[in-house]
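Working notes, structure below.
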């Protein structure tokens, strides 16, 4: 056989040719089974010695003829080999020819064939096949990752098209909207445009990442895998040569008369160098191959755009956060890649030493270890490539926007109490609400808002400083929400002034009652009570006069709309001082109707008589009271005959002034001026038309509803009721759209936040 004049490299010459290479290597490994079966059968036939031996040689000549082409050049060669055979096939032919010339064999040699050749070859075939399957699984994984990257890019493109379509829809909505809704539509249009630019940037980044991953797949990952398969095939051939040498040695010792023939065979075997089979396979399977085309930016069919990254302030903030994350991870990823690469190179050097005979370790185990390290290196390099491409893409487009940035030290947080996002102002709370919070300054935001947060962390703050900064951020978020339509036209300022002036309108009655839409106010917890707000309990009106005055109960005062919002997020008073934990005074009330006792334990009492509540209604329809008269007895009266009022908590004269008024909850106002006066007055309460309820009577389940307190709430004004977490209360009046419900609690009857209770 000719000497090797080239050193072929599958990865460099075959490119994306894993399938034919894998099939070729698989055929070579399967061929080991033929060889070990050959020795087994030969062991049996040795007893026949002569004719049987010739028959065996003929049989395997026929098998070789059938498999010669596939074993030499593969199943689908690009060049027909003709009568050429690989070096291994030529060596095999020499063996069969030698076998034909041998006419004598003995029993001992038959046993040696089984123990020294057949069984080891079977074990080797199983091990090589397992290693080949590992390569096939790794190749499938690489292909799946490549297809996944292509799929992700298509999804990103779809999302970008969808966002562009939404922008176009918003634009059309502005054209078709009336003046009173145009500002809101313009604000939504501006926000949608910002989302579109962010999506565009994400799409451009995804294109670059996918192109880079594609390049690495075809120029590094697959070539390395092909080189590894080539090494496995050559290692198999080298091991096979060793087995054949053993067979030759056995025959030399056993068959002295065949010494000359076996010497010739032994001289032929070393010439079967592993690289010869690889060289022939490469020459007959090389094809013309070109890199797939790179991906390029495709504008949306409904939004004409170019491939220039958006660089407006909000987009720069978005890109800055991406760049910061990439910068923070690239150093560690490079160190990880360097470490894994050294381990792979070390495994390659060990394999070379094994081939040269300087190392006695199992080469298959070394190959297995090398393949494992290559997989780990591949994972780290993918992440590194993504980070580097993101950095280069963003830096090339807008420069290094992280210079001078003061990033927040964010950590994941589950908010169990209502909390607001400092960026968008929306609520993030609940057992399943995930968000982020800065360890230093207490900045809170949604997970979706993380990449939009400006890098303006003031550093580590004290508890009081965090409260002050939190208030400023909430105010800024509310103002940003209210000011979002400013780019739409000149009349936007008029609408904003109408919204921001809602507080003063509420306090004025000239020209009709004005109120703000409070449905949206449930999304922010920075809001409190309007100073002029009025609370209604059981049809009566409690009017707060001057700050510090005792609430005056009146049944004739016209009812005014209650302007309210959910309470603070933590048990702190509005002036920033912690709750002192003192007990509230006992609830009191007065009789709406006179009642005459009819049984033991009941109490006779006159109409309008004031009393102190000792035991609230437990569902039986009765309450236990003590009249305010000196020397009065204690007894039971029907709950429907009495009116309860919650006591005021001790407050400073200006406590109410510190309660913030929410403007972020709504971007529209509703004027009731000139409307019917039906909602401005309340009819006098009519007494029950049936006999008073008896003790022990149960309310009808279909009529009475109960609610359970989710959190502890302390009444902060007249008309409210205090409740403890887990306390069950009777639902008197449902949510009328202002975010409050009326309940009968242990502390008395009053209103509590609707979001702080649940029906049971």
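Backbone N, Cα and C define each Cβ position, glycine as well.
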Range among 591-642, 643-694 that TrEMBL annotates as region 'Disordered': 643-694
Model confidence over the domain 'F-BAR' (8-277) (mean pLDDT, whole number): 86
Helix, strand and coil residues within the compositional bias 'Low complexity' (474-483) as assigned by DSSP: 9 helix, 0 strand, 1 coil
Within the domain 'SH3' (584-647), residues counted as helix, strand or coil by DSSP: 3 helix, 27 strand, 34 coil
